[in-house]
């Protein structure tokens, strides 16, 4: 019985080693995809592989120690393989370069990983000790052990550097006590006496410059765009990438709550005001990509002289270990164990090679000393044009949400008898969210609106006031519209107003649409919502926006904001207010209305709601007991339909609502979205800060 158990354990060890290698391969390939994909399948696969990788490696090492500790394989030559496998598992615990943490919270556990590193290293050392000097695979074992320690150490160090405490330290200025107070006081008194107009600050700055002691904190390395007008598109992109990296170094402190100086604000603001919408969004895309790499990969550890040296060492040592193993006599070894070890060596070399290629083509390489050399060797088209986020926004609307059946399994048959199988399936499909692309029209509208605010907000106080607007300023562009529509914003909290405008937008859109959603075939609807087909807005990316473009953009932002409130409420938590009550009451009101008129199709619902033609607001009819905005939205929709530039006005309001939510969302929450495909809300937040519209800027610097 004992021999049978030992045989089963040995077979399990072989299979587990191959599974561990497969998990590492899967993580290497899937982890980079998660930052540019909204697929739940990708996210859940990375989650499963990430947890499985550490668990299976630690479990196998424990089983190897248990087997060798009992003496089962101490005298058995096969124990040489098991000891070598323990070193391979140490390498696997180091993980691939493309992922160090699943979420930002994992970075805060770097001390736990440090203890894990110590324990696993001691475990691998124990397996070496148990085999002793008679171990025929001693030298391959030692070489693989060295690589494992380096890789596990890199991961632990990357986690530490990405933790919020250290992430903030890297952006802190050096301690600066300023000039000696007593000496400065004497100079100040003398200057007042002789009426010298030169300030002490200018004197100290002049002396500091002469001695080379100027602080670099907050200095954005702007790169002249006028030096070489001739450049190709890719070289222009390379220049944007370098500018984005300089901005990233300055603005990364926002994530940990730092206040940036007024100098940083003006420098960034003046630069972004000169850019087009496409260039501005591209810069922000690069910045957020750098942030993702620092927070979730080994980039910050690898990219540098020490990191490059370690990468060369690990590849060379792994290849050396493979060669030593290959030329070691295999007499007496189990053939399957030998084959498994070969697979582990080849797998390690292939993974290291792929990691090296990924490293060579990464954005960080272009920022280092090799960047200019690489750009001269070839045009980095593949680097510059690859996706760095999903470039989509999720969509969901309240009418489809309410039409989707909410039932327990026991009620399924009665529901099927009432509506029929096809209608039930269609209504279930309504509950799925779907995606639409972020195109140039949307980027231009958002950037132009924020740019106008930035131009008007000359100082910090005006910038803060501009950030507090959630639709009022857009309505004020047309005084008559403001008088009629201000109630929809001023009389409600932000979340209430958003839900009100969302439902009104839905009604207006389907009232003017040439084809409603139920005109779609079931399979088109299924492809859009269940298969997550990215649906285009249906217009060309030219520079001019038509009324139809404004209408589509309003629909897109409206559905996106509703999606965030329902699916990602943490992003809007600071501005939610009594959202849960308002949303619950509105849905209950809508469901009662649908049941009353037996409505089950989206277009028919919109048509019936508009036909009600209410004149009096809900609070006057129902009182304040119910917070429903269902019929108030119908009143608002009717008022909007009477506006000459209806969709242009609405688009301005929606951009302001988007900006208000973006700037009030916690920076830490924005950073968490980078590993989930990115969010348009996060792009808007960083773009606002670059335009000087953020709230994390210090007051104007005062000088003596």
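Each residue, glycine too, has its Cβ placed from N, Cα and C.
From a predicted model like this one, the values you see are computed outputs, not experimental measurements.
Within the set 287-307, 308-328, 371-391, the record from TrEMBL flags 308-328 under the feature transmembrane segment. When TrEMBL is compared with the stretches 90-109, 110-129, 130-149, the one noted as transmembrane segment is 110-129. The range from 232-258, 259-285, 340-366, 394-420 that TrEMBL describes as transmembrane segment is residues 340-366.
Only residues 6 or more beyond the boundaries of the transmembrane segment (12-33), in the same chain, are considered here, and those with a CB under 8 A from a CB of the stretch are 42, 45-46, 49-50, 52-53, 56-57, 59-60, 63-64, 82, 85, 88-89, 92, 95-99, 297, 336-337, 340, 343-344, 347, 351, 354-355, 358. Residues of the same chain lying 6 or more positions beyond the ends of the transmembrane segment (308-328) and with a Cβ under 8 Å from any Cβ of it are 84, 136-137, 139-140, 143-144, 146-147, 150-151, 154, 302, 341-342, 345-346, 348-349, 352-353, 355-356, 359.
Nonlocal intrachain contacts for the transmembrane segment (340-366), taken as residues 6+ away from its ends with a CB within less than 8 angstroms of a stretch CB, comprise 14, 17-18, 21, 24-25, 28, 32, 81, 84-85, 88, 91, 96-98, 144, 147, 238, 241-242, 245, 286, 289-290, 293, 299, 302-303, 311, 314-315, 318-319, 321-322, 325, 374-375, 380, 382-383.
Away from its own ends, the transmembrane segment (45-65) comes close to residues 9, 12-13, 16-17, 19-20, 23-24, 26-27, 30-31, 34, 82-83, 85-86, 89-90, 92-93, 95, 99, 102, 116, 120, 123-124, 126-127 of its chain (Cβ-Cβ under 8 Å, at least six residues beyond either end).
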